[in-house]
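Participant: There's a structure below that I have some questions on.
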Amino acid sequence: MTEQIKDINEEKIEEKIPTTKAIILAIEHSLVMNAYVVPLILASILAFNDQQKIRLIQSSFLASGITTILQAVLFMKYPLVYGPSFVPVGGIIGIYMINGGNYNSWSYVVGACLVGAIIQILLGLSKQFNRILQSLISPVVGACVVFSIGLSLIPLALKSNIFIENEASMGENIIIAIITMVFMIIFSLLGEKNNKIGSVLRVGSAMLALFCGLLTYISFGYHNFDAIKTASIISRPSLPFVDFSIKFDPSSILTMIILYFVIMTETVGSWLATSSTTNTSLSEKRVNNGILGLGISNFISSLLGVSPMTGYSSNVGVLALSKIFSRHVMKFVGAILILVGLSGKLAALITVIPTAAIGGIFLITSGIIALAGIGMLKNIEFTNKNTYIIILSLVTSLALNLMPEEIIKSLPTIVQYILGSSIASSSLLAIILNKIIPDNL
């Protein structure tokens, strides 16, 4: 019976839905993902000038679009959106500073990313990644990974999008987030109705809720759209040998290779979340093709001068809300991201959406992912071994999210890279515990 359901859901992944509906869903996916956050953080910390900052953001959107299309159409053929990973941010900053701390140092970051991508490609070509994955990811580990993703994204949404002061005060941001969430829930519930209004709301609930958040933001008196007016309609992203060269440094390469393996753990988590939400199998062919596609995409991303790509688990929540799992929607998502990558005006338009509104949607989608993990845990026998794996994995995830940054920064650099992602750290711990704890405990 379970296999029959999974076969039916595979058909849903291959379903070709009407173009209008696909475009609406694609816009929602594009708005929910924070593809600009990682390049914005890097550009700000590394003191890039305005032109360098804009080009890095545009290149990140372009790389996200290319990766999403390649994975959905040619390689993994799964309904997942890809974007810059948060995992290597600390490592990239370290590589940049160690190699001079000026814009020429970005060449060493690019070189290290290229080598990491080549190793990822070789791993995909070997067809051994699924075998490695099967030996490491048992059902209890998979459930812990998915639950940890949801658990980790919730505080990230609160700290990065809502409990902040930007143009709006923290109190106003909280109000914007709450209003966005309330309308999101209302639209989603109304979307359950089997009528025309229901079908529209089911597809467009996230976009409509974001619009309500934007209206709330404007009602507080924040309506500065100068960035859209001044941005160029067409502008090029950063290009190799034009904006930066490619250089190699052994210590930088070693650092990035380690980070690539951590990113792969993070990406597998997003695959597991997608598998759980869509109730489809992660077949051997799909996994091996997925890691090959990711390696090729990261090679292209490196040439565009951006950080490595990963699957965005926040967008899995959009799948659950819309109940539309078609991978063909991802072609439209990729096209939108590529357009944004080639247009400064479109990039500026996306940044107009208040971060608190995005945070409100982010919270709901994170909760949905956490619930998917709980659903996976229901099917697991709670032996002593499994109980300790679950407890220690989730405690680690929570502890790293709550740990003061000063403590993490005081640790050795390589440890900082690993602990910088609570998702990757808790997942690695679950894998290790599953291997070392005896079954008959």
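Using N, Cα and C of the backbone, Cβ positions are placed for all residues, glycine too.
Note: TrEMBL annotation is automatic and uncurated.
TrEMBL lists 22-48, 54-74, 105-125, 132-154, 174-191, 203-222, 253-273, 332-350, 356-374, 386-402, 414-433 with the feature transmembrane segment.
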Participant: Can you work out whether the transmembrane segment (22-48) touches the transmembrane segment (132-154), with the criterion being 3+ CB pairs under 8 Å where the paired residues are 6 or more apart along the chain?
Facilitator: no
Participant: Counting only pairs 6 or more apart in sequence, are there at least 3 Cβ pairs under 8 Å between the transmembrane segment (356-374) and the transmembrane segment (54-74)?
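Facilitator: Taking Cβ pairs at least 6 residues apart, the transmembrane segment (54-74) and the transmembrane segment (356-374) are not in contact, as fewer than 3 fall under 8 Å.
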Participant: Given a Cβ distance threshold of under 8 angstroms, which distant residues of the chain, six or more beyond its ends, lie next to the transmembrane segment (253-273)?
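Facilitator: Non-local partners: 76, 78, 80, 85, 87-88, 91, 94-95, 111-113, 115-117, 119-120, 133, 137, 142, 145-146, 148-150, 282, 287, 290-291, 294, 298, 308, 310-313, 316, 369, 372-373, 414, 417-418, 421, 423-424, 427-428.
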Participant: Against which stretches of its own chain does the transmembrane segment (132-154) lie, if we need a Cβ under 8 Å and a gap of at least six residues from its ends?
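Facilitator: Result: 268-270, 272-273, 276, 287, 313-314, 362-363, 365-374, 376-377, 379-380, 386, 389-390, 393-394, 397-398, 400-401, 422-423, 426-427, 430-431, 434-435.
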Participant: Go through 54-74, 203-222, 386-402 and flag the stretch with the largest number of C-beta pairs under 8 Å relative to the transmembrane segment (414-433).
Facilitator: 386-402
